[in-house]
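Undergrad: Before anything else, here's the structure in question.
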Amino acid sequence: MAMLQTNLGFITSPTFLCPKLKVKLNSYLWFSYRSQVQKLDFSKRVNRSYKRDALLLSIKCSSSTGFDNSNVVVKEKSVSVILLAGGQGKRMKMSMPKQYIPLLGQPIALYSFFTFSRMPEVKEIVVVCDPFFRDIFEEYEESIDVDLRFAIPGKERQDSVYSGLQEIDVNSELVCIHDSARPLVNTEDVEKVLKDGSAVGAAVLGVPAKATIKEVNSDSLVVKTLDRKTLWEMQTPQVIKPELLKKGFELVKSEGLEVTDDVSIVEYLKHPVYVSQGSYTNIKVTTPDDLLLAERILSEDS
């Protein structure tokens, strides 16, 4: 296993070809690091007839399970996925946004992209990203069975979600919002939150808090210890009926409210939000340590 130090940090891969620093991945995929490692570009020399095989081989952890219509949990082709891929990833301390950093040879954002693309419930994926990185997703447009659209990211998360919401199909029955920096979400959990979102109107994946959490004041003094049994850590996807999300955005915009996640928009409407229990492996990759943990989880799964 070779190791290369670049602006992205240390990257491991079976093969490196100099001087263009092309990294050979799996059997078919190649990454090119160009323009001082500012953009990740797929080589056009990849034979398109192999892309489906490469896709299936590269995402075993999250979407290798086959699907048939009997497993559809909501109406087929009724879900619009908004994949948030416009963050800067400053905590990763790398020159490239975290969602495009290779994770075992594949950009982080592509893991969940492929997972959603193989679900029969999904009609389309709206990728909210800088146009500079669109070709990473466009390379697979002919190999997936969903529509692919794009939206421009906003200044804050809620602005990016709103931008993506403007691009969804008007006939979609559910909006499924996901952070592309969570590559390890599995199909079973997605199906669970889709079903709950359809039933309640809004649902979010979450896991019970494992750590002791204390409320602390501005002087760094403990105010009280919170009851861990009532605390859950929120994840994504977060699933909301589009008419409910649009109504929530109207309220947020009219009152100048700021929210840190999507179901918070619905909470302002006093509408119930269901928490679907997810998996602790559905981590958000925001630091180098997270990247190492994700690699370990993927390696163990394979």
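If you go along the chain as it appears here, the first residue is 1 and each next one adds 1.
Quick reminder: no glycine exception, Cβ is built from N, Cα and C everywhere.
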Undergrad: Among Ser62, Ser143, Ser163, Ser220, which is the one flagged in Swiss-Prot as N-acetylserine?
TA: Ser62
Undergrad: What's the number of neighbouring CB atoms sitting within 10 A of the CB on Lys98 (site 'Transition state stabilizer')?
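TA: That number is 26.
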Undergrad: Taking the Cβ of Lys284 (site 'Positions MEP for the nucleophilic attack') as the reference point, list residues of the same chain whose Cβ is under 8 angstroms away and which are at least six residues distant in sequence.
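TA: The list for Lys284 (site 'Positions MEP for the nucleophilic attack') reads Asp179, Ala181, Arg182, Gln235, Asp290, given in order along the sequence.
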Undergrad: Would you mind reading off the Cα separation of Arg228 (site 'Positions MEP for the nucleophilic attack') from Lys98 (site 'Transition state stabilizer'), to the nearest angstrom?
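TA: Cα of Arg228 (site 'Positions MEP for the nucleophilic attack') to Cα of Lys98 (site 'Transition state stabilizer') measures 31 Å after rounding.
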